[in-house]
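Reviewing the structure listed below.
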Ligand SMILES: Nc1nc2c(ncn2[C@@H]2O[C@H](COP(=O)(O)OP(=O)(O)OP(=O)(O)O)[C@@H](O)[C@H]2O)c(=O)[nH]1
């Protein structure tokens with residue numbers, strides 16, 4: 001860290017139509033495992049995807065809802081509002097497109113891009129492009145669509161020009177203290193994050209209906225090179241909350257477990273067997289629950 005240079009820290013959103021490589025880019029920039037963030041971080045309004053700290057610069061990558069989902073009609077309009085609001089709160093936006101390809105999906109993203117924030121166009125998958133002249137024409141056309149602050153051709157998959165993209169992003173970070181400590185990867189934050197992922201799925205699906213929320217406790221965590229076996233317990237306040245969480249035929253719990261498992265697989269980068277079950281808080285002191293949640297037995 002250079003003492004004469006002020007530290008910078010800002011929120012970055014990666015947006016774009018499905019399949020352009022947003023997740024690949026996000027993971028290439030922060031490393032999949034850096035999705036682990038401290039609890040303090042979770043209090044921000046954004047869901048943090050990962051944090052990249054480089055000397056005096058800290059980039060906080062956030063997940064933007066709406067770009068992960070594919071809805072139509074009224075749902076789409078509502079999601080678009082959510083997206084616009086979310087993007088108004090970040091410091092820099094990366095709009096990802098696929099080199100040489102432009103579809104209605106890409107065109108649909110442009111009106112959602114903020115006008116009062118720098119938007120950097122990342123032209124991804126350049127490794128798959130043979131004709132570099134065609135790429136130049138393609139980029140020129142895109143620059144007429146929106147006043148991008150910069151255009152960077154990259155390959156998220158092959159790590160081409162990602163350092164240039166990071167430099168461009170850094171130019172737009174506001175000066176300020178770093179919000180996160182550089183993370184240490186230990187078992188405990190992984191357990192904690194797995195619990196957070198499960199809780200997030202519950203919150204999304206039935207959050208409105210669960211009056212006291214719930215606590216997710218990781219009860220078993222066995223991991224080796226081949227995979228992980230995880231048992232998680234959802235602690236609810238009352239018996240009457242159980243059917244809310246289960247849904248008809250247990251479909252809610254199935255969906256929660258499936259979606260959480262997919263995220264945990266991404267986090268651990270290995271197969272995961274996840275068992276999620278429900279317990280009512282009888283015999284659970286708050287303190288005990290809190291301690292176990294943090295990984296203390
Ligand atoms: N050739 C090439 N393929 C890439 C590159 N980046 C991503 N891909 C591939 O493109 C596909 C989609 O990548 P994702 O990162 O899942 O795309 P996404 O935009 O997050 O997709 P959604 O989750 O559907 O919105 C995957 O098969 C990636 O391996 C790249 O730089 N070059």
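Cβ from N, Cα, C; glycine included.
TrEMBL does not curate its annotations; it predicts them automatically.
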Can you check which of 116-119, 120-123, 124-127 TrEMBL lists as region 'G4'?
124-127
TrEMBL tags one of 63-66, 67-70, 71-74 as region 'G3' - which one?
63-66
Which residue range, 16-23, 24-31, is the one TrEMBL calls region 'G1'?
16-23
So which range, 7-11, 32-36, 37-41, 42-46, gets flagged region 'G2' in TrEMBL?
42-46
Counting across all protein chains present, how many other Cβ atoms fall within 10 Å of the Cβ of residue 19 (GTP binding site)?
11
Filtered by Cβ under 8 Å and at least 6 apart in sequence, the residues in the chain of residue 126 (GTP binding site) near it are 99, 135, 153, 154, 155, 160, 161
Could you tell me which three-state DSSP class residue 126 (GTP binding site) falls into?
helix
